[in-house]
Amino acid sequence: MTNIRKTHPLTKIINNSFIDLPAPSNISAWWNFGSLLGICLILQILTGLFLAMHYSSDTTTAFSSVTHICRDVNYGWIIRYMHANGASMFFICLFMHVGRGLYYGSYMFPETWNIGIILLLAVMATAFMGYVLPWGQMSFWGATVITNLLSAIPYIGTNLVEWIWGGFSVDKATLTRFFAFHFILPFIVSALAAVHLLFLHETGSNNPSGIPSDSDKIPFHPYYTIKDILGALLLILTLMVLVLFSPDLLGDPDNYTPANPLNTPPHIKPEWYFLFAYAILRSIPNKLGGVLALAFSILILAVVPLLHTSKQRSMMFRPLSQCLFWLLVADLLTLTWIGGQPVEHPFITIGQLASILYFTILLVFMPVISIIENNLLKW
């Protein structure tokens with residue numbers, strides 16, 4: 001009798017995705033982040049669900065309801081901090097996952113890559129709306145500043161912003177709809193993640209060498225299941241150390257002050273994982289220009305496959321491209337630092353230079369260096 005695992009319509013899908021899936025024999029720890037993102041998503045949905053049971057999406061009670069969760073609900077504090085810091089872990093894994101894709105040429109699977117970009121945008125939207133829900137000072141002013149950027153769109157801008165707000169300022173209607181969207185989006189992300197996997201399993205995984213691995217495949221279970229479990233344990237350990245020892249390390253103190261439309265905080269800034277994009281936005285003195293640069297800072301990922309000029313897929317055997325990649329990482333860290341600094345003399349210039357460098361590396365240096373490396377192969 002054939003194993004039910006391989007014949008039953010439901011278990012067959014799981015079997016073909018996580019058990020008998022043929023996987024390259026040489027994929028490194030950089031391939032762990034996909035499963036870690038899945039764990040992050042499940043964790044966020046579960047903790048978020050329990051938070052939603054006690055949260056009130058009304059401007060008069062939102063801040064108090066979050067305080068109530070932390071003080072009065074059984075283990076509410078740990079659920080709240082796991083959710084807040086879980087978002088940070090989610091983005092760390094996301095950035096590593098995208099970085100891996102750029103380094104090893106995984107963007108050569110166009111469907112998987114493009115759905116990945118849509119996933120990134122959806123998770124960013126979810127995180128932004130989640131940050132508004134506690135209704136602290138940074139929640140309110142962050143929502144005001146970021147939604148206001150849409151007013152830079154010619155002709156329809158102002159109407160669009162007022163439509164999103166549900167009034168003439170960020171108020172009760174805005175908070176209620178943000179809660180509704182924040183609740184539904186993770187489930188849309190889950191569906192997109194399933195499609196992401198579906199397209200990945202059409203082609204099979206890439207591997208560090210960038211060379212087709214059809215001649216040397218191993219079953220996913222037990223080799224990569226045990227590897228993923230190790231990754232998951234490290235992820236949960238890191239998260240719990242953050243939650244239990246310094247839960248407010250990555251947060252903003254201003255968010256412990258209830259939202260006040262009459263008092264603007266001295267430095268309005270988003271959560272740390274948006275600072276690189278925020279720095280790019282601020283580095284352009286023109287409003288529409290800044291908004292376009294902000295959008296393109298993420299959408300540029302869609303252009304990367306079109307600019308792949310190298311004869312090799314991966315950067316494993318391309319030292320010049322490797323140097324450029326790590327320069328890009330350093331540049332993004334610089335932008336993250338600048339995004340959290342006030343708009344003053346040295347920081348403005350550093351931010352502008354870092355923004356120019358970011359786009360130049362991806363649009364100019366990468367393709368040019370790849371062509372140079374192709375010519376070096378002839379020597």
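Quick reminder: no glycine exception, Cβ is built from N, Cα and C everywhere.
Features of the protein shown, as given by Swiss-Prot:
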type	residues	note
TRANSMEM	33-53	transmembrane segment
TRANSMEM	77-98	transmembrane segment
BINDING	His83, His182	heme b b562 binding site
BINDING	His97, His196	heme b b566 binding site
TRANSMEM	113-133	transmembrane segment
TRANSMEM	178-198	transmembrane segment
BINDING	His201	ubiquinone binding site
TRANSMEM	226-246	transmembrane segment
TRANSMEM	288-308	transmembrane segment
TRANSMEM	320-340	transmembrane segment
TRANSMEM	347-367	transmembrane segment
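Counting Cβ pairs under 8 Å to the transmembrane segment (113-133), the top-ranked stretch among 33-53, 178-198, 347-367 is 178-198. Of the listed binding-site residues, namely His83, His182, His196, His201, the sparsest Cβ surroundings within 10 Å are found at His201. For the pair His97 (heme b b566 binding site) and His83 (heme b b562 binding site), the Cα-Cα distance reads 20 Å. Tertiary proximity for the transmembrane segment (77-98) is limited to same-chain residues at least six positions away from its ends with a CB under 8 Å from its CB atoms, namely 30, 33-34, 36-37, 40-41, 43-44, 47-48, 50-51, 66, 69-71, 116, 120, 123, 127, 130, 235, 238-239, 242-244, 247, 250-251, 271-273, 301. The listed stretches are 33-53, 288-308, 320-340, 347-367; of these, 33-53 has the most Cβ pairs under 8 Å to the transmembrane segment (178-198). Here His196 (heme b b566 binding site) is positioned 21 angstrom away from His182 (heme b b562 binding site), judged by their C-alpha atoms.
Rounded to a whole value, the Cα-Cα separation of the residue listed as 'ubiquinone binding site' and His83 (heme b b562 binding site) is 30 Å.
Here the CA atom of His83 (heme b b562 binding site) lies 24 Å from the CA atom of His196 (heme b b566 binding site).
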